[in-house]
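Peer 1: Quick paste of what TrEMBL says about this protein:
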{"type": "TRANSMEM", "residues": "5-21", "note": "transmembrane segment"}
{"type": "DOMAIN", "residues": "23-288", "note": "domain 'NADH:quinone oxidoreductase/Mrp antiporter transmembrane'"}
{"type": "TRANSMEM", "residues": "27-45", "note": "transmembrane segment"}
{"type": "TRANSMEM", "residues": "57-76", "note": "transmembrane segment"}
{"type": "TRANSMEM", "residues": "96-115", "note": "transmembrane segment"}
{"type": "TRANSMEM", "residues": "152-171", "note": "transmembrane segment"}
{"type": "TRANSMEM", "residues": "178-196", "note": "transmembrane segment"}
{"type": "TRANSMEM", "residues": "202-221", "note": "transmembrane segment"}
{"type": "TRANSMEM", "residues": "233-255", "note": "transmembrane segment"}
{"type": "TRANSMEM", "residues": "275-294", "note": "transmembrane segment"}
{"type": "DOMAIN", "residues": "290-343", "note": "domain 'NADH dehydrogenase subunit 2 C-terminal'"}
{"type": "TRANSMEM", "residues": "323-346", "note": "transmembrane segment"}
Amino acid sequence: MKPPILIMIMTTIMSGTMIVLTSSHWLMIWIGFEMNMLAIIPILMKNFSPRATEASTKYFLVQATASMLLMLGIIINLMSSGQWTILKLPNPMASNLLTIALAMKLGMSPFHFWVPEVTQGTPLPSGMILLTWQKIAPLSILYQIAPSINPNLLTIMAIASLLVGGWGGLNQTQLRKIMAYSSIAHMGWTTIIMMYNPTLMLLNLTIYITMTLGTFMLFIYNSSTTTLSLSHTWNKLPLMTSLILILMLSLGGLPPLSGFVPKWLIMQELTKNDMIILPTFMAITALLNLYFYMRLSYTTALTLFPSTNNMKMKWQFESTKKMILLPPLIIISTMLLPMTPMMSILD
């Protein structure tokens, strides 16, 4: 893709999200979603192959269905309240439809089937945009309509997402599919706290985006798409193996890394609201995710290739990709735990 065209498309994607973030009128929000959806399809099809075309088609169909449901919810809300403002949702039917439409856009269970397929069919940079930037707009709307959302509906979808995100990734060897299931599980953590403490949702989203960006950038730098290709990293870039190990453990939510902070605060907030079974169940499902992150870190950093590399000549060329943002992303993804008291005050 030529740079001017790429710049135009990326500008449209960003402006679509910005329109959604800054609008208080439902029609403008819908237009922002449509701009964003139509502009990301060329990004998904950057490698013009049948696999990418199929992935883009699946993405388009799901997002178009979600947009249709969103517009239906908006019209029902308009008919019952007589206004287009986002803050008034007196009709429970409209509220449920909007929640379902936004859950489809986020790829939450039971509307999660497209996420692994689309992520696997697209190149790594496109998958990175799909699993990070594309989550911001729907979650910003959920954040704004949080007081009128049906808590039972959102909690059921979040628990289902936690289970699907944990179980789905267990048997995968493709890195993009593993990251897609990880995204589904993280969306479960993000939305379950929405009704009780929306600020925590923003914290969880921010840390999830930084960890996912860092992980994808390491994969792009290594040109790795499978567990097998990742297991050869120690021979070429020994430092990368330790970085992948730390990032995987952070994604799994192990202390003393940054990924532990949102999980800790979310479980604390739920127990403050007299819930015991729900946070216990969430902690158990987090173990499923931790298993496949541990498997990735084991194959990458804790195993060696059967034969040592005695060649005088390097068997792979140095990567020429510039990853300027990688050091700050890795620092944020791993070293935020000491700042937890400040974050809990903000909540």
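Any Cβ shown, glycine's included, is placed from N, Cα and C.
These numbers come from a predicted model, not from an experiment.
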Peer 1: For the transmembrane segment (323-346) and the transmembrane segment (202-221), decide whether they are in contact, meaning at least 3 CB pairs lie under 8 A, counting pairs 6 or more apart in sequence.
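Peer 2: Output yes: the transmembrane segment (323-346) sits against the transmembrane segment (202-221).
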Peer 1: Tell me, what is the mean pLDDT of the domain 'NADH dehydrogenase subunit 2 C-terminal' (290-343)?
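Peer 2: So the average pLDDT across the domain 'NADH dehydrogenase subunit 2 C-terminal' (290-343) works out to 81.
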